[in-house]
Amino acid sequence: MDLSIIVIGASGRMGKTIIQVAQEQGIIIDAVIDRPTRLTSLASYNIASDSEPDKIFSRYPQAVVIDFTTPETSISMAQVAQKYGNPIIIGTTGFTLEQFDTLETLAKTSRIFWSPNMSIGINVLLKTLPQMAQILGNEYNIEIVEVHHNKKKDAPSGTAMRIAETLSTSRHWDLEKVACYNREGIVGERPQEQIGIQTIRGGDVVGVHTIYFIGPGERIEITHQADSRKNFAQGALKAAEWIIKQKAGRLYTMMDII
């Protein structure tokens, strides 16, 4: 089956990058969706465009929807995609627990793929970090620092939270109890069962995540640096190629691919 896609938020940074990479790879772009005020800026693509997903999804029910927008928009798009049978790839972060529950419920009857970071490198890291945490043991304190551009709306990043969740699970900790997002004043000694998660925002940084394992007399630093949004787009398109061969039933992630 030939891959064809529908890009949501096509005038945004990720939307433009997805279109560019898809064109470079010869992938068919059936349509784009954006706000009414932004549709004129998309005319140069010579692709079907609209602000109403029902009109587009019903016209291209086999196309894979790719969405890197906002939690509210992503939920709405997933609901419309379910209606017409479109698979959907979601790279949005910042979901509330209730919103994420909605996604998981929708995934029982429609094909939904979600990842807070579509980078292959980050997901390989997520797969290997638990082993490091277990081997090093609790004597090695875990700290996470993430850096992103000044336009990013959510903090900490979805990727930082996914890293923290992965590491806390590997040590059988409850992340809600051990996460530390801020230290100020006289906070006392650092508890052994704690994961620090710090956020930096500035400039046009695409994304940097550093994980520290700090032990007696030594420190291990692991850094993933995204130099271009193209790697996120490539990951999303890889997911799109994969999901058209899958069945509904659960929420898929990059862990299912790598």
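Heads up, the Cβ atoms here are built off N, Cα and C, so glycines get one too.
According to Swiss-Prot:
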- Gly9, Ala10, Ser11, Gly12, Arg13, Met14, Gly91, Thr92, Thr93, Ser115, Pro116, Asn117, Met118: NAD(+) binding site (BINDING)
- His148: active site, proton donor/acceptor (ACT_SITE)
- His149, Gly158, Thr159: (S)-2,3,4,5-tetrahydrodipicolinate binding site (BINDING)
- Lys152: active site, proton donor (ACT_SITE)
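In this structure the C-alpha atoms belonging to the residue listed as 'active site, proton donor' and Met118 (NAD(+) binding site) are separated by 16 Å. In the three-state DSSP reading, Arg13 (NAD(+) binding site) counts as helix.
Shown in sequence order, Thr93, Pro116, Asn117, Glu146, His148, Lys152, Asp154, Ser157, Ala160, Gly207 are the same-chain residues outside His149, Gly158, Thr159 whose Cβ sits within 8 Å of the Cβ centre of the (S)-2,3,4,5-tetrahydrodipicolinate site. A separation of roughly 11 Å, to the nearest angstrom, links the Cα atoms of Thr159 ((S)-2,3,4,5-tetrahydrodipicolinate binding site) and His148 (active site, proton donor/acceptor). Neighbour density at the Cβ, taken as the number of other Cβ atoms within 10 Å, is lowest among the binding-site residues Ser11, Thr93, Thr159 for Ser11. Comment: NAD(+) site residues Gly9, Ala10, Ser11, Gly12, Arg13, Met14, Gly91, Thr92, Thr93, Ser115, Pro116, Asn117, Met118; largest CA to CA distance 21 Å, whole number.
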